[in-house]
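The following features are taken from TrEMBL:
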type	residues	note
DOMAIN	2-54	domain 'B box-type'
TRANSMEM	65-85	transmembrane segment
TRANSMEM	105-131	transmembrane segment
TRANSMEM	143-162	transmembrane segment
TRANSMEM	168-186	transmembrane segment
TRANSMEM	193-213	transmembrane segment
TRANSMEM	219-238	transmembrane segment
TRANSMEM	250-270	transmembrane segment
Amino acid sequence: MEATATCTRHPDRAAAVACQRCDKPICPSCMTSASVGFHCPDCLKSGAQRTVPVRRAGDPVATKVIIGLNVAAFVASVIFSGNARGTDAWLRFGDATMAVAAGEWWRVITGAFLHDGVFHLGMNMLFIWVFGSALEQRLGKAGFVALYSASLMGGALGVVWLSNPLGITVGASGAGFGLMGALVVLQITQRTNLWSSGLGGLVMLNLIITFAFRSSISVGGHLGGFAAGILAGGVLFAAPRADLPRAARVAIVGAGAVLLFGLTIASASAKVGAI
């Protein structure tokens with residue numbers, strides 16, 4: 001830009017710099033700071049018009065969908081039952097070992113999307129949001145869904161092994177405990193102190209609550225989900241050291257979820273048959 005140049009938009013004013021994008025001379029009042037140099041109002045406006053909204057790379061879509069499904073299932077159960085706890089829906093769709101053994105295999109899945117009232121739902125969804133959003137950003141949608149499925153099935157197997165076969169279990173806490181277990185593995189592989197991060201204390205608190213209120217909390221569901229989450233986390237977070245491709249790790253965890261599902265059905269039949 002020549003020293004005697006005037007502003008393109010204000011001919012009566014001396015230009016201070018040239019626009020970094022179009023090289024037109026502009027005065028101080030027309031200057032807008034850019035990452036490199038300054039832009040004129042025309043280029044600034046043009047750039048804004050070309051900008052399109054882009055979803056954040058770490059947007060936990062799968063976590064949001066899972067929470068949405070849980071909320072939708074709870075609302076449907078309340079409407080179906082005609083009460084705030086959705087109790088009639090439990091009888092039809094809750095995880096009941098006797099019913100699973102009789103052929104109603106879908107209950108091991110549907111039971112994990114039903115809840116005993118708003119508080120139960122809210123606590124589990126908070127659990128899933130906190131752990132799920134953090135894990136999904138590391139694993140991606142497919143990896144997170146595989147982890148969640150394995151955790152859910154681990155919880156269902158724990159219910160069969162450790163809970164009363166005549167009871168009915170509902171809630172996503174088994175899957176939530178699995179996410180917590182996977183996060184424990186992640187922090188260990190990152191050499192993070194579990195107590196300094198607060199995760200160690202949170203795990204201990206939840207285990208204490210689980211056993212302290214075992215008459216109304218599924219110990220089997222929590223422990224089964226936690227164990228499955230640790231195993232899945234080992235595959236997803238520790239296996240990379242063995243140069244196992246990410247897609248293969250996700251496939252292994254997904255296959256593990258299917259295996260746990262089959263083992264849950266078989267265990268339910270065996271337990272009821274032994275009564």
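Easy rule for this one: first residue shown is 1, then count along the chain.
Placement of Cβ uses the backbone N, Cα and C atoms for every residue, glycine included.
Because TrEMBL annotations are produced automatically, they should be read as predictions rather than curated entries.
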Spatial neighbours of the transmembrane segment (65-85) far in sequence, C-beta under 8 Å, 6+ residues away: 92-93, 110, 113-118, 121, 124-125, 128-129, 132, 148, 172
Same-chain residue ranges lying at least 6 outside the transmembrane segment (168-186) that approach it to Cβ under 8 Å: 70, 90-91, 94-96, 111-116, 120, 124-125, 127-128, 131-132, 134-135, 138, 147-148, 150-152, 154-156, 158-159, 194, 199, 202-203, 206, 217-218, 221-230, 232-234, 236-238
The transmembrane segment (219-238) touching the transmembrane segment (193-213) per 3+ Cβ pairs under 8 Å rule: yes
Mean per-residue pLDDT computed across the domain 'B box-type' (2-54): 67
Within-chain partners of the transmembrane segment (143-162) [C-beta distance under 8 Å, separation at least 6 from its ends]: 60, 62-63, 66, 95, 97, 100, 108-109, 111-112, 132, 135-136, 169, 172-179, 181-182, 218-229, 231-233, 236, 246, 249-251, 253-254, 256-257, 260-261, 263-264, 267-268, 271
